[in-house]
Every structure is written in C-alpha cells, then in structure tokens.
Amino acid sequence: MTRRVKTGIPGVDEILHGGIPERNVVLLSGGPGTGKTIFSQQFLWNGLKMGEPGIYVALEEHPVQVRQNMAQFGWDVKPYEEKGMFAMVDAFTAGIGKSKEYEKYIVHDLTDIREFIEVLRQAIRDINAKRVVVDSVTTLYINKPAMARSIILQLKRVLAGTGCTSIFVSQVSVGERGFGGPGVEHGVDGIIRLDLDEIDGELKRSLIVWKMRGTSHSMRRHPFDITDKGIIVYPDKVLKRGKVLEL
C-alpha cells in the first residue's frame, strides 16, 4: 500500500480517496485568482501541524510578503522556521536588498537551473523536508517554454529522490485549456485544476482532479470556497452546467 500524505484541506483528501500518494509531484494549475497559492500554503501549513517539515519556494512574491499573507489565515510559519521545520527558498529577490541579511536560502540566478536545484536540495537536507511547494514553477520556464518538461523532470528527480511530496503551482491564462507549459502534464504524477467561472453574473470556484498516480479519485468537478481559514472543498457537491448539485 502506498503511504498517503494528507493535505488536511477540508474535502480534498476525500476527493483523493485518502490523500496524495507519498513522493508524488502534483501540478496545481489554474488562472489568476483561483486560489492556487492559498491551496499550496495550506498544504504546507497542515504538514507542519502534523510534524512534517516543509519548504516554500517563492518565485512570484517577496518572501516577507509570503509570510505576511500566510499569517492572515492564521498560518504563522516563523516559530517553525526557528525550530528548523520550515524553510523559505528566496527565488524572487536574487539576493538584492535586505533579503540577503534575512534569508538563508537564496537563488541568485534563475536562469541557472542547476543553482536553483542545488539551493533547494540544501534546504531539503537541512530541515529533512517532507513537503515542498514551488510557486510558481511557470516562472522557471516563462522565457524558454521548450524547456518546461525538462525542468519539471529535473525537479521531480530531486524531490522524489529525497522522499518529498510536492506541489508545483502552474499558471494558465483565463480560458486556457492547457495546464501551463508544453508537455508539463506528462512530467508530473498528478494534476489538480482550480477554476473560476462566471455563471449567471456570479463567479464560482471549482476544483477537479485530472490525474493522480497511485490512487483512484473523484472524476467530478467540486465547488469550493476561500474563507478566512483557507480553502474548503465540498466533496458531496458537484458543479454541473453552471449549477451546484448535491450528490
């Protein structure tokens, strides 16, 4: 039996029939405002509460901002950082400004994937990480889309090899059918897609699991909400032709 890693996000483990299989790399794909970052941070935070060390790789936002945003949901990672259970990899500032005084793990040149992987590997070793979030993986190949699948596979090799279960946040434009980068869907073990659709003049949030190696899962599109405590998914409801139906 494959060991499961519980996301701890209400409704998600039910949809995944018990959680994410250990060592899986999951692409969390969606357009702007769909809740990808919140989902990934909630996954890390719940891991910390379960005693599983975690790493957040910040590519889109200043690490200080990331910590502040997490704290707004009541997810204060600072005590865990001090205990050596949580690490932030700064792949945003390139070590410019004050971050070089505050951040322990800094990627100076994002075009150098080897440096990126080495910094990440060091952080994993130092805290014995079990969960890793890369937000967003799209940033790594935004200027070289042809490299997307290769970069995903290089990262996957390191993460699965160190026993981590990982979420790669992937950005897609509004209305895009793909998952954010050519061939990336073939390089990962799982794909969870978050959507925000306008239905009768109202925006509705939904989640669907496109694939997940090592487990069966719900094949339906489930509605979810973002609250002041994070994401809540409704496994007993389904979004169908713009209407929320009870299962």
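Heads up, the Cβ atoms here are built off N, Cα and C, so glycines get one too.
Residues or ranges marked as ATP binding site in Swiss-Prot: Gly30, Gly31, Pro32, Gly33, Thr34, Gly35, Lys36, Thr37. As annotated by Swiss-Prot, domain 'KaiC' applies to 3-247, with the evidence given as sequence analysis.
Taking the centroid of the Cβ atoms of Gly30, Gly31, Pro32, Gly33, Thr34, Gly35, Lys36, Thr37 as the ATP site, the other same-chain residues with Cβ within 8 Å of it are Gln171, Leu194, Leu196. Of all the binding-site residues listed (Thr34, Thr37), Thr37 has the fewest other CB atoms within 10 A of its CB.
Look at Thr34 (ATP binding site): DSSP puts it in coil. Long-range neighbours of Lys36 (ATP binding site) (same chain, six or more residues apart, CB within less than 8 Å of its CB): Leu28, Ser29, Gly30, Asp135, Ser136, Val169, Ser170, Gln171, Leu194.
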